[in-house]
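According to TrEMBL, the feature Mg(2+) 4 binding site maps to Asp23, Asp104. Residues or ranges marked as Mg(2+) 3 binding site by TrEMBL: Asp23, Asp104, Asp237. The Mg(2+) 2 binding site annotation in TrEMBL covers Asp75, Asp104. As annotated by TrEMBL, Mg(2+) 1 binding site applies to Asp75, Asp151. Residues or ranges marked as substrate binding site in TrEMBL: His82, Glu272. For Gly150, Asp151, Arg175, Ser239, the entry in TrEMBL reads ATP binding site. What TrEMBL lists as Mg(2+) 5 binding site is Asp240. Sequence annotations record features per position, and here TrEMBL assigns domain 'PurM-like N-terminal' to 64-167.
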Amino acid sequence: MDCERLFISALHKSGVLLGVGDDAVLLQDVSRISPRIHFFTPRIKSPKYRHLQGISSSSFARVLGKHKELFVAADGFCEHIHFKREWLSLEEIATKAMLINISDMFAMNALPKYALLSVTLPHLQAKEITQIALALANVARSYNVKLIGGDTMKGENLAFHITMLGVPNGKILGRKGLKAGDLVYCTGRVGQSLYALLWLLRGGKISHSRRFARFIAPCLRDQFIAAIAPFARVGLDVSDGVLRELHTLSALNHLRFSSLTKSRIPAYKSGEEYELLFAIAPRHKHRLLRVAKRTRTPLEFIAKAKRIGSKLPRARIWH
């Protein structure tokens, strides 16, 4: 059963939805509403915690600058759903939790700016809690993201829920705009995440080799995405598998695709790859290959968009 689709369908029937996707939402013309936004900065008396400050309305205005659009993305990364604690170190878990949220922003060609973090912490030693905090901070610092609030709770399982705020980095990449004849590509070579997952479920251990690299920490393609955004038609973050994203593109753009390479279909069902699935017009193929070479980004051709094409294989529902 596709629980996500059922849940969203029920909300849709209630009349409260204003359009929902599973990556990020774009709020347009926020310049009209930003003066009414009030940010409450916590009064922290202890010198030890003076670095934890809320965002002021003036800082928010500086971040928006000339932009009238604001991206908002939310994602969860939870123990026993997305990972088991024995699979990865606490630093690796926290690092991945932050990276997959930043990946949503980059997939739409947006720059992440601020994040709200809610974390559920099980019984851990002080040293372990510090390791988690520092790992989150290191990723945030690497991508110039400021943590501006959230919540901390105690619970049985380790869980991260992050809301990311960002601004456009040029042309926005969405899911609509695919045209018949367009060429669909994916960065990287998907399938490694599924391989690692199956290995772990069979009782295997992860080594820090290239084979498990994507499962441990997604490779974000921000420079490549920014370079192709001016001529790319659509862009999607591959979190639920290439096949699932192809089904989404097909439904939204009323198109089908040429036959997929049969030997690659199992890999196209691999979730949590966090690569970019995108499409270009055929005339931009050489331009794309030049960008890929310059940014050292591996590419895989997936299919050609068609008005009449093959029926897509059934996608795998992960969670």
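Keep in mind that glycine also has a Cβ here, set from the backbone N, Cα and C atoms.
Under the three-state DSSP scheme, Asp104 (Mg(2+) 4 binding site) falls in the helix class.
For the domain 'PurM-like N-terminal' (64-167), the predicted model reports an average pLDDT of 90.
Mapped onto DSSP classes, the domain 'PurM-like N-terminal' (64-167) shows 36 helix, 41 strand, 27 coil. Residues Gly150, Asp151, Arg175, Ser239 are the ones the record ties to ATP, and the longest Cα gap between any two of them is 32 Å. Taking the C-alpha atom of Asp104 (Mg(2+) 4 binding site) as reference, the shortest distance to any of the binding-site residues Gly150, Asp151, Ser239 belongs to Ser239. Secondary structure from DSSP puts the residue listed as 'Mg(2+) 5 binding site' in coil. Cα of Gly150 (ATP binding site) to Cα of Glu272 (substrate binding site): a span of 25 Å. Around the Cβ of Gly150 (ATP binding site), a 10 Å sphere holds 14 further Cβ atoms from the protein chains shown. Ranking the binding-site residues Asp151, Asp237, Asp240, Glu272 by Cα distance from Arg175 (ATP binding site) puts Asp237 first. Ranked by how many other Cβ atoms sit within 10 Å of their Cβ, the binding-site residues Asp75, Asp104, Asp151, Asp237, Asp240 place Asp151 at the bottom. Of Asp75, His82, Ser239, Asp240, Glu272, all annotated as binding-site residues, the residue with the shortest Cα distance to Asp151 (Mg(2+) 1 binding site) is Asp75.
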